[in-house]
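> Submitted below is the structure of interest, expressed as structure tokens.
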Amino acid sequence: MLAHKSLLSFTTQWATLMPSPSTFLASRPRGPAKISAVAAPVRPALKHQNKIHTMPPEKMEIFKSLDGWAKDQILPLLKPVDQCWQPASFLPDPALPFSEFTDQVRELRERTASLPDEYFVVLVGDMITEDALPTYQTMINTLDGVRDETGASESAWASWTRAWTAEENRHGDLLRTYLYLSGRVDMLMVERTVQHLIGSGMDPGTENNPYLGFVYTSFQERATFVSHGNTARLAKSAGDPVLARICGTIAADEKRHENAYVRIVEKLLEIDPNGAVSAVADMMRKKITMPAHLMTDGRDPMLFEHFSAVAQRLEVYTADDYADILEFLVGRWRLEKLEGLTGEGQRAQEFVCGLAQRIRRLQERADERAKKLKKTHEVCFSWIFDKQISV
């Protein structure tokens, strides 16, 4: 069993710096382990709805002027469709004679039989996150200056968003089909969770502001790259090389997409360093909430927290990863080397550049407290037929 690095028992002071329970970091779930069905699922409270359209109108011109740059520097990071992998390449071939097709399905089930239930909790959570893609395209199209104004706009920003969505669409399709064929998960509850999540939307705190939006997507793509890479590692060690290749292939896509969004923020830092570094600080003060933070299966109102706790325990995505991503972005964007900033820009720079170290110190204290408490909880996950998992 992998080491359990808990995010429990924060004081109020610690919580002002650490990711909130609605982030992708795991916090110790509280309350009864057995979740009873309720008539109307309660969506987690929204936190960032009071600010909209916060980018000054004059900065709209920045994104208009960057359309040519985005065409030359961002669109080439997409792959032509005929060079992209497709889910069918990884799955049993239904065009084969029936006996050969069923043999391939049987082999898939034999491979997945060695994977523990807790692994499926994490894999299903990742799949559901990927499957809520309509929400993410909608979110990007709320951003002023870069949205697709017509649904088929030829601007570089709109072209990127549509093609990015098309590439991402393969991820959920592939994982969902693999899970379906494995027989290890309750697809009815998985599908209900997807529908709930898309219906709930997301609340990332980007305020229709592309500065904030592209900081968010930079962090989020890096986080999904890390998560899928770790599920690949676990699948390989548990004896499913095909699933390992699937997760690794998805991780490679996320890395390429991360590079695009990181490159956009780099350009904004070049053109408007004060505005861009302030946007980074703004998003980090809010704490990056990952796309599926409003997840529910209709029964467990803390499903996202419970899923995140399992991901933390399996070291698929941890508090250390959160700090690592922040350090990576600070280095990639060379934030420590920015010069000529205003007072506000300098304060933002100091906050962001020192934040990862502060997070690590607070996490070390939380880990020490968790070791002393030595408490675990059993939680039923509907995705795996109400089996109990320690979190």
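Cβ coordinates come from backbone N, Cα and C, glycine included.
The transit peptide annotation in Swiss-Prot covers 1-38 and rests on sequence analysis. Annotation comment: Swiss-Prot describes GLU130, GLU168, HIS171, GLU254 as Fe cation 1 binding site, evidence class similarity to another entry. Taken from Swiss-Prot, the feature Fe cation 2 binding site applies to GLU168, GLU221, GLU254, HIS257, supported by similarity to another entry.
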> For GLU168 (Fe cation 1 binding site), what residues in its own chain, 6 or more apart in sequence, show a Cβ-Cβ distance under 8 Å?
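Set apart from GLU168 (Fe cation 1 binding site) by at least 6 residues yet with Cβ under 8 Å, we have GLU130, LEU133, TYR136, ASP253, HIS257.
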> Between the Cα atoms of GLU254 (Fe cation 1 binding site) and GLU221 (Fe cation 2 binding site), find the distance and write it as a whole number of Å.
6
> About how far apart, in whole Å, are the alpha carbons (Cα) of GLU221 (Fe cation 2 binding site) and HIS171 (Fe cation 1 binding site)?
13
> List every residue in the same chain as HIS171 (Fe cation 1 binding site), at least 6 positions away in sequence, whose Cβ is under 8 Å from its Cβ.
GLU130, ILE250, ASP253
> I need the neighbours of the Fe cation 2 site defined by GLU168, GLU221, GLU254, HIS257. Which other residues of that chain put their C-beta within 8 angstroms of the C-beta centroid, in sequence order?
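Those within range, site residues removed, are TRP164, GLU167, GLN220, THR224, PHE225, ASP253, LYS255, ARG256, GLU258.
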> With a radius of 8 angstroms around the mean position of the C-beta atoms of GLU130, GLU168, HIS171, GLU254, what other residues of the same chain does the Fe cation 1 site pick up?
LEU133, GLU167, ASN169, ARG170, GLY172, THR224, HIS228, ILE250, ASP253
